[in-house]
Amino acid sequence: MNAVLDVRGLGKTFGGFTALNGIALTVAPGERLGLVGPNGSGKSTFVNCIAGDFPDHAGVVLFRNRPLAGLKPHERARLGLSRTFQLPRPFRSLTVLENVTVPLRFSVPPLPVADARARARACLERVGLQDKAHSHPHSLTQVDLRKLELARALAPEPALLIADEVMAGLSHSEVDQILDLLFALNGDGTAVIMIEHVMRAITAFSQRLAVFVAGRKIVEGDPQTVLATPEVEAAYLGT
Amino acid sequence: MSRPLRLNVGLAAAGVALILILRLIDNDYAWYTGYVILQYVLLAVAWNILAGYSGYVNFGTAAFFAAGAYTTILLTKALNLDLLVCVLAAGLVSGALGLGMGWLTLRLRGVYFSIATLSLAVVLQTLVVNWPYAGGSSGAYTMRPQGYAVFGNYSEFLFVLMLVLALGGIAVAAGIERSRLGLGLATIRDDERAAAAAGVPTLRLKLIATAISGGMMGMAGAPLPYYASYLNPEAAFSLTHTINAMAMTLIGGTQGWVGPVIGATLLSTLQQGATVTISSAGNLLIVGGVLILFVMLAPKGILGLIRAWRGRGDTA
Ligand SMILES: Nc1ncnc2c1ncn2[C@@H]1O[C@H](COP(=O)(O)OP(=O)(O)OP(=O)(O)O)[C@@H](O)[C@H]1O
Ligand SMILES: [Mg+2]
């Protein structure tokens, strides 16, 4: 099979607590997958397992047909697997522009400084941060920090971008702006997993939707159908 | 002239000027004092490569420094090698030591790493104390030549040697700040997890930084047996080296190589003065007192003060 991401039997426990259990999920190249679920259902843990933060997880993760077991987070990033952090984690001592050059300076082979800066500037324009290029992260608003997080993740033109709640707290027009951006990125061939609580964005964006509840994937399929299933309604009403 | 070139030319000019000034004074005590100050400049700049640039606080300065000094003792005794060769060897030995220590400890984050480095000095010192060939606990003597090559006066030679090492260390540190390595270290200091997610090979960069930093500390220690003519484990492994390098850097400011240079110059000058006028025990007291003042009043060091003062001037 030719999936960009192929996850089988993924499990993760913290002490005695099971955060993920038997997750199977595939993403086709260039696909747009939505991932939703109540707070604490394991969405971010799923991202962390795939990104290499928890090497002790159960199950198998294949990225472009390659098993990721044993690979460090930076090695996975360099293969074209990009993620954002739910709580933005900017490099505080670097300018906004320098933040975005980092994945470009550390790709294999690395881009020369001038090229990296030019491309980082283009990325900032895409997310609408070009005017803040020389600011430091501490002077940015929450919204701009999310945009920076996104710019840094998409700069290396990944094969898969996992966007973990990049729209939380954004206004209606800002959500539209990020949606346009993710659509454009997807148009360039990047597969996207969008983790969101903003339902409007999820339904507009996703070609396929998966729902996590308490560490399990309860349904997956066409977004309209999935959202109409009784289990999903119960899960959301129950929280 | 490009910026790096300008810096290196400036460093060389400053070095020549220092030599000329001290030549005018031409007194053994002046060469000695200059040597000690420069030794601390080198130690502080080296310490800051790991602590300031990557955020990993190393409490093992004395171990790397002493490893350099004992490399000289051993190579001189066994092979009668020239001091310059010993300096290079000391850089390699302490660099390798840094690599080894880093390999064992750099997976530990934050304070755990620091505690692990502290034990390095203890382990090495125990080793030397129980090694008769290296002089054991009673120490080893070094025969000091009269002069060296063009230098009629060996003290002057040692001063010039330490000057070249210190300026070289500054050039290396400044080079790292401008380089991809420097960028990577800064991302590690800011947020190691985000750095890895952006493709930064965090462990490898930390190992490189530990090796460079350790190597520089070893080179700072290599001429010590000749400076003192006698070396014992207590002096070589003295916690004073660790505390001084750290305090001087914190007082100067950790943001770049300038901070440690300012801090080391100011503090070791003060210390040298105090050794003459008060007592040698006053040294650590001075460092401790000044450090406490800075931690309370100016946590970003002298550089931070200057920046804050300039910033106020701009807006006024
Ligand atoms: N490092 C950790 N150590 C211990 N427990 C953790 C850790 N990370 C997550 N958990 C727990 O695992 C469960 C799933 O958390 P996770 O962050 O994956 O949920 P989520 O679906 O992303 O929620 P949200 O929508 O609020 O972001 C939670 O109960 C959380 O407390
Ligand atoms: Mg989450």
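Along the chain as shown, residues are numbered 1 onward.
Using the three backbone atoms N, Cα and C, a Cβ is placed for every residue, glycine included.
Note that this is a predicted model, so its numbers are computed, not measured.
TrEMBL annotations:
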type     : residues  : note
TRANSMEM : B:7-25    : transmembrane segment
TRANSMEM : B:31-50   : transmembrane segment
TRANSMEM : B:57-75   : transmembrane segment
TRANSMEM : B:81-104  : transmembrane segment
TRANSMEM : B:111-134 : transmembrane segment
TRANSMEM : B:154-176 : transmembrane segment
TRANSMEM : B:284-306 : transmembrane segment
Next item on the list: Would you kindly check B:81-104, B:111-134, B:154-176, B:284-306 and say which stretch has the most C-beta pairs under 8 angstroms to the transmembrane segment (B:31-50)?
Entry: B:154-176
Check: Does the transmembrane segment (B:57-75) make contact with the transmembrane segment (B:284-306) through 3 or more Cβ pairs under 8 Å, each pair 6 or more apart in sequence?
Finding: no
Notebook entry, point to check: What residues in the same chain, six or more past the boundaries of the transmembrane segment (B:111-134), come closer than 8 Å to it by Cβ-Cβ distance?
Noted result: 56-60, 62-63, 66-67, 70, 73-74, 77, 97, 101, 104-105, 140, 233, 236-237, 239, 242
